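Colleague: Starting off with a structure, shown below.
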Amino acid sequence: MNISNIKIMLLGSGELGKEFIIAAQRLGIHTIAVDRYKNAPAMQVAHESYVIDMLNSDALEQLILAKNPTYIVPEIEAINTDSLVKLEAHNFNIIPCAKATKLTMDRQGIRALAVQQLNLQTSKFAFANSEQEYLDVIQSIGLPFVIKPVMSSSGKGQSIVKEHNEIKKAWDYAQNGSRGHAKGVIVEQFIDFDYEITLLTVRHKDGTSFCDPIGHIQKDGDYRFSWQPHTMPDTALAKSQEIAKEITDALGGYGVFGVELFIKGDEVFFNEVSPRPHDTGMVTLISQNINEFELHLRAIVGLPIPDIQTLQPSASAAILLEGDTANASICGIDKALADANVDIRIFSKKEIHGKRRMGVVLAKAQNTHIALETSKQALAHIHLTK
């Protein structure tokens, strides 16, 4: 196989895209990073970069036609997916495929596939496209419930509502956190689950492979900590893999899919799926023989996917910092790296207004509990320069 002539265009250039671009660069693949703002993380390591509104069909199609990439790899949901469907019909290779990108760009599309077509078990849910509809569906869902924008990323706009006086605030928060032009929400019955996992599922030319389950903690709908492997009963793991294969087969295409699942005893509830590497999967940068970004690349270009191994129990901690500056400077990295079992990725985002994920701490240990505590101790050293 000759991969030297491959050209990959990444649509969305955040921190996950940056690691994907690095994986491609290491194999000599030409990379193009695209986003709506200058100097996004992946742009800093790509051969070429372009700033466009990816929701604008004309701008998106003109750039793709001009650059003629071998593979078009979406990294975010805020993309004009109708354009991707159109381009795929003209023999452009959308990853994993235009259908998967379109269905997963909003929660309404993927729930329709999961529940109506595949009959997967989920929490009780309903969609609302106005505040009045939202108030109406609450009557059937009941408290407590989870509200999420139909289109958002990194937990933006998500909240758990436990009291009546939180209902209005949660609606407003969801509207502010919505991406693209969609303003609808999904209201889900809150499941008192035992734990939640991400099952990284790799569809490739030789079949489907699974990474070990990744446990994670979220706050305000956003990932804060993850660890691998997450120990779970064989029955629940088998059900999780069955669900993950079913949903990813229905979506189609090659690449890594982040399948989010709730586990309660031996019951497994489908939550969401992303047709790309997952933020909780950043732990694989230290835990696995082949990390999720390398797996995504290999699956896309047709390279072998050998046995995926968890080398050592590991954990990750998101570096979520708060401030108001256009020139962020991070301190404490030296203290965090004093531990030989700790590594760090800084995403090189300069602007921060409020809270923003600026990096990730990675830690390994003899078990996941110690790895998680080690990541938290290292995280405590890191802060913005005052």
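Quick reminder: no glycine exception, Cβ is built from N, Cα and C everywhere.
Relevant sequence annotations retrieved from Swiss-Prot are reproduced here:
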- Glu15, Leu16, Glu75, Asp279, Lys349, Arg356, Arg357: N(1)-(5-phospho-beta-D-ribosyl)glycinamide binding site (BINDING)
- Arg107, Lys148, Ser153, Ser154, Gly155, Lys156, Gly157, Gln158, Glu188, Gln189, Phe190, Ile191, Glu196: ATP binding site (BINDING)
- 112-301: domain 'ATP-grasp' (DOMAIN)
- Glu260, Glu272: Mg(2+) binding site (BINDING)
Colleague: When you rank Leu16, Glu75, Glu272, Asp279, Arg357 by Cα distance to Phe190 (ATP binding site), which of the binding-site residues ends up on top as the closest?
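Modeller: If we rank Leu16, Glu75, Glu272, Asp279, Arg357 by Cα distance to Phe190 (ATP binding site), first place goes to Glu272.
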Colleague: Three-state secondary structure of Glu75 (N(1)-(5-phospho-beta-D-ribosyl)glycinamide binding site) from DSSP?
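Modeller: SS state of Glu75 (N(1)-(5-phospho-beta-D-ribosyl)glycinamide binding site) = coil.
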Colleague: Within 10 Å of the Cβ of Glu188 (ATP binding site), how many other Cβ atoms are there?
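Modeller: Result for Glu188 (ATP binding site): 20 neighbouring Cβ atoms inside 10 Å.
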Colleague: When DSSP states are folded down to helix, strand and coil, where does Leu16 (N(1)-(5-phospho-beta-D-ribosyl)glycinamide binding site) land?
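Modeller: The three-state answer is helix.
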Colleague: Using Cβ atoms only, which residues of the same chain lie under 8 Å from Arg107 (ATP binding site) while being at least 6 residues apart in sequence?
Modeller: Lys148, Pro149, Val150, Met151, Ile186, Glu272
Colleague: Look at the binding-site residues Glu272, Asp279 and tell me which residue has the greatest number of other C-beta atoms within 10 angstroms of its C-beta.
Modeller: Asp279
Colleague: Might you list, by sequence position, any residue in that chain lying six or more from Leu16 (N(1)-(5-phospho-beta-D-ribosyl)glycinamide binding site) with a Cβ less than 8 Å away from its Cβ?
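Modeller: Non-local contacts for Leu16 (N(1)-(5-phospho-beta-D-ribosyl)glycinamide binding site): Glu75, Arg276, Pro277, His278, Asp279, Met282, Phe293.
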Colleague: Let's check the environment of Glu196 (ATP binding site): how many other CB atoms sit within 10 Å of its CB?
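Modeller: I get 19 for this one.
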Colleague: Given the binding-site residues Glu15, Glu260, Lys349, Arg356, Arg357, find the one whose Cα is closest in space to the Cα of Glu188 (ATP binding site).
Modeller: Glu260
Colleague: Cβ distance under 8 Å to Lys349 (N(1)-(5-phospho-beta-D-ribosyl)glycinamide binding site), same chain, sequence separation 6 or more: which residues?
Modeller: Pro41, Ala328, Arg356, Met358
